[in-house]
Structures are given as structure tokens and as C-alpha cells.
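Q: Mind looking over this structure? Questions follow.
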Amino acid sequence: MSLQPLTAVNCGSLLQPGCSLLQLDGDIFLFGQKGWPRRSCPTGVFGVRLKHGELKLRPISFSNDSCYLPPLRCPAVTRLEPHDGHPEGYLIHGGRTPNNEISSSLYLLTLDSRGCNRKVTLRCQERELVGEQPGPRYGHTLSMVQSLGKRACVVFGGRSYMPAGERSTENWNSVVDCPPQVFIIDLEFGCCSAHTLPELTDGQSFHLALARDDYVYFLGGHTLSSDSRPPRVFCLRVELLQGSPLLSCEHLDTGLSISSAIATRVGPSHEYIILGGYQSETQKRMECSSVVLDDSGISIEPREAPQWTGEISHSHTWFGGSLGGGSALIGVPSEGRPAPPEAHYFYQVCFQKEGEGEGEDGNQGCSQESTDFEDSAPLEDSEELYFGREPHELEDSSEGEGDTYNEEDEEDETQTGYWVKCCLGCQVDPNTWEPYYSTELLRPAMIYCSKGEGGHWVHAQCMELTEGLLVRLSQGNGKYFCLDHGGLPRQEMTPPRQVLSLKRSPMKPQHRKGPMMPKMTPAKKRFFRRLFE
């Protein structure tokens, strides 16, 4: 067991709460980072390199037949082992999009090819689902079960927005626990079925899900309705019978009071180390636990925790994910005055003993590796997305540093970061933000400006919109243009005041072509005539 500090080389701000770490073909990939670097990595997926105490990210390209994959936050992620000629991969379901929308799509991420210079190309495909599909959600879990020679996915928990019929101006941005239903997804045909069990009475999110054969164990989690983290464990058995699956659930006495924890597998057996997470809204869980799944069930034992550093002990939030092989990555926000140059401190925690578990595959049941304190990370939309990059555009060498992500390549976020600064005169400070509208609870209210390619998001407060006008524009289908792109639509603008134009008489020319003759009376004319005669 060891705790090693890591130095993030020009990539510390990309790892934020809600990101996911994936292990494919011995490599580690980062998915769901802070935004879409337009030049460095248009796909939004990075390869993670840990070498000599340094953390570096390498951009990863997608194949030409890949679909669009948004940088989802807090999705449900599970590992897909090779089966019947199908390669290993990862299933990604749900999550939050950069526009603060909640997704209900299911993606399959696999390894497409590997070049001679270790260049990795991934393939992403969206799976079509039919039947009783799980609705949009985040903070839930996705697990793989095997029974009678078949395999299926189990979706449970999560949060989502309130139904459209129950939303009002007071709870416009409120989220609620999803109904405590269990969804079974047949990957071969894409059929979904929803099941309600009497043992599951409350919804829960940000819990752990560990799978072994046809059993799935749900540990901990947070219930939003009661604002509690009860120490519970549910044992779900899924029998994939011919026709429809048969589900049974059992509530176990022993459990963990924890949410947003990290589970990393140790050794070839189904042994996991649980670390991180929260015991309450303001208290982190500093202890570690060892969880073993075997034929007799589940056993949970306390495990010695590493010697946490001062930054970890005194921080209010922390996040991370599993690196595989009995190790995990932990990040804590950096605090201080003046603000440190790095956004986070990163550490690698290793529980693997020497000579154990080398070459073993990662865990089959992957937990929700995110944190419910995820509202502080800025996001930005991509203005350009393309696949199949040429070799000269992205060269990936084992020792070269030219392909490492460089924050200096990014444009100034004070002008392009939609979630931090929407315009040059933006008045919203994410550190000291207070609700301005009654509809705001978690984030400042924003409205979509349709100007330009793809448009962009602006704060309603900075655009000087009233709350009634904001709700009316959000419900309609008309286009909105911010102050920098034409202001409000014409029908919403106050008629301009009629200003009468001033009559301007033309100026007399200073020089005339002809001689200037003064006006004289007949008497003066006679006087001058006699004078000159």
C-alpha cells in the first residue's frame, strides 16, 4: 500500500469531478473531461500516462465509422469482457451533457486499431434500445451479469429532472431520485424490460455496484428525498430464463454508509478495495474497506488506509477513479491565497502487493466513479468534431512529448468558456454566485443564442432578461440572439422612440464664381456715377 503524489503536466484542469477512467488493452483512458479542446483533441478522449511521478494526457482519435460521443459527466460505466468473438470494451449510459441536459443514450466504446508507434484508435457506437427503456439519468450504475450462457446489463438508480407536468418556476432546475426500478438490457437484440421489486422502496444514486456471475450487490448510495446515506447492501439475482428474466432481491444487514466512492479490484478473485466517498454532506470517508465476493455471498472488512496528506485531509471534496491493478487516482482541489497555478492535487493510491495480479483483467462490475459535489466544474461545447485524423495530424510516440495536451493551445476562456464567462461583461462569478431568479437552484440560468455555427450559451442575468421573459423564451421554439448578436427578438423589444429629424439648411458657399455686387439704392448709384465722372 502506497500513496504517491503526481505532477500534472499541462493537464491538471482537464480532470474534474464526474470524469471516468477506462482500461482497454492495458491502457488507461480519460473520458468526460472538462470540455472539447478544439485543436488538441477533438474527440474528447485522452490516454493517461503515469511515469516517473508525472501525469500526462495524450489525445486519442476515433475511427471513421464512430458516432458522436459528448463529454458525459457522471454516467454509468461498466466493463464488457470479450465474449463470442466480440472484443473487450466499455458500455456508457446516461450522464450529463455540456448543455446541462441529461442523456438516456447507450454507447459502446471499443478498441479499433493500434499502430506500430502505439497510436490508439477507438470506435464508438450508439446502441439502439426498444421496450421499457431507462429514462435520462446520471449518478446511476450499469453492471454486467451472466446466467445460463447469456449475459445482460443491469441499470439501477440515478437522478433526473422532475417530470414536465410537475415542474414550475420554483423547481425548474430541481432533480429527484429516479423510481427504484431495475432495468434489464439484452445487448444482442437491444430489448429492455423494467422490474419493480418490493425490497427496493427508495431511489438511490452515487452508489456502488459490484457484479459476480448472476449476482449484483448495491452498496451505499445517497437518497435525495430523505437526504440520507443508510448503511445498506442489496443483493440482486438475475436469472436469464428463456422468454423473460427472473429477478429476486435480498436486503442484507451489513453495509456501508457511503456515496461517490471508488472501487478498485485487487487480485484475480472478486476482491475490491473501497476508498474515497462521503459519509455526509460535509464529511469525507477517510477509511478504506475490503469487499470480497464469493460463493457464500459478500463480506466487508475494514482495510488499513494510507497516510493521507494534509491536502487530502483538509479538503472538502475529492474525486477520482480506478486505474486497475489495485490502484486508484485521487484528486483534491487546490486551495490557498494566492491561488496555486494547478487546479488540483493528484495522488496515486496502490493497494496491490508486489507480484500479485499482474496481467489480470479489470473488474467486471464498475461502480459510479464520480462525486455528487460536481457542480463546480466548467464545461464548454465543441465547435468542431471530426473523426479519422491523418497520421501527420496526430503522431503518437512512446517517448515524444509533442502529442501531450498543452493548455496554452486553448483560447481565452473569459471569452469562449460558456459556463464561466459568457461575454466580456459577464457578471456571474462561479465562486460567489447567488441565485438571481427563483428558478435557479444549482446553476445560473442560461439561454441558448442561435447566432453563429452551433450557437453558444449565455447567462440570462448578464443579458438583463426578466424571469418571466426567460421562461417564455425557454418554452418557445423561436430563436434567441444575445446582446452581442442583435439583442432580443424584434417582437420582444420595446418600440424605439420616434425622434424627429432636424432640418438642416445647406451652408452658403464661401467663394462665388461671379463678382460680388453690393445692393445700393438709386440715390447711391447716382452719387457714385457723378463721383467717378
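Using the three backbone atoms N, Cα and C, a Cβ is placed for every residue, glycine included.
Take a look at what TrEMBL says about it:
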BINDING   Cys422, Cys426, Cys449, His456, His459, Cys462, Cys482, His485  Zn(2+) binding site
COMPBIAS  371-384  compositional bias 'Acidic residues'
COMPBIAS  386-395  compositional bias 'Basic and acidic residues'
COMPBIAS  396-413  compositional bias 'Acidic residues'
COMPBIAS  505-514  compositional bias 'Basic residues'
DOMAIN    417-495  domain 'Recombination activating protein 2 PHD'
REGION    356-413  region 'Disordered'
REGION    496-520  region 'Disordered'
Q: Highest CB neighbour count within 10 A among the binding-site residues Cys422, Cys449, Cys482?
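A: Buried the deepest by this measure is Cys422.
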Q: Do you know which of the binding-site residues His459, His485 has the most other C-beta atoms within 10 angstroms of its C-beta?
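A: Per the Cβ count within 10 Å, the most buried is His459.
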Q: Using a 10 Å radius around its CB, how many other CB atoms surround Cys426 (Zn(2+) binding site)?
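A: Around the Cβ of Cys426 (Zn(2+) binding site), 18 other Cβ atoms lie within 10 Å.
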Q: If you average the pLDDT over the domain 'Recombination activating protein 2 PHD' (417-495), what number do you get?
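A: That region's mean pLDDT is 70.
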Q: As a test of the contact definition, list every same-chain residue at least 6 positions from Cys462 (Zn(2+) binding site) whose Cβ is closer than 8 Å to its Cβ.
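A: Long-range Cβ contacts: Cys422, Cys423, Gly425, Cys426, Gln427, Val428.
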Q: What number of additional C-beta atoms lies within 10 angstroms of the C-beta atom of His456 (Zn(2+) binding site)?
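A: Summing over all protein chains shown, His456 (Zn(2+) binding site) has 21 other Cβ atoms within 10 Å.
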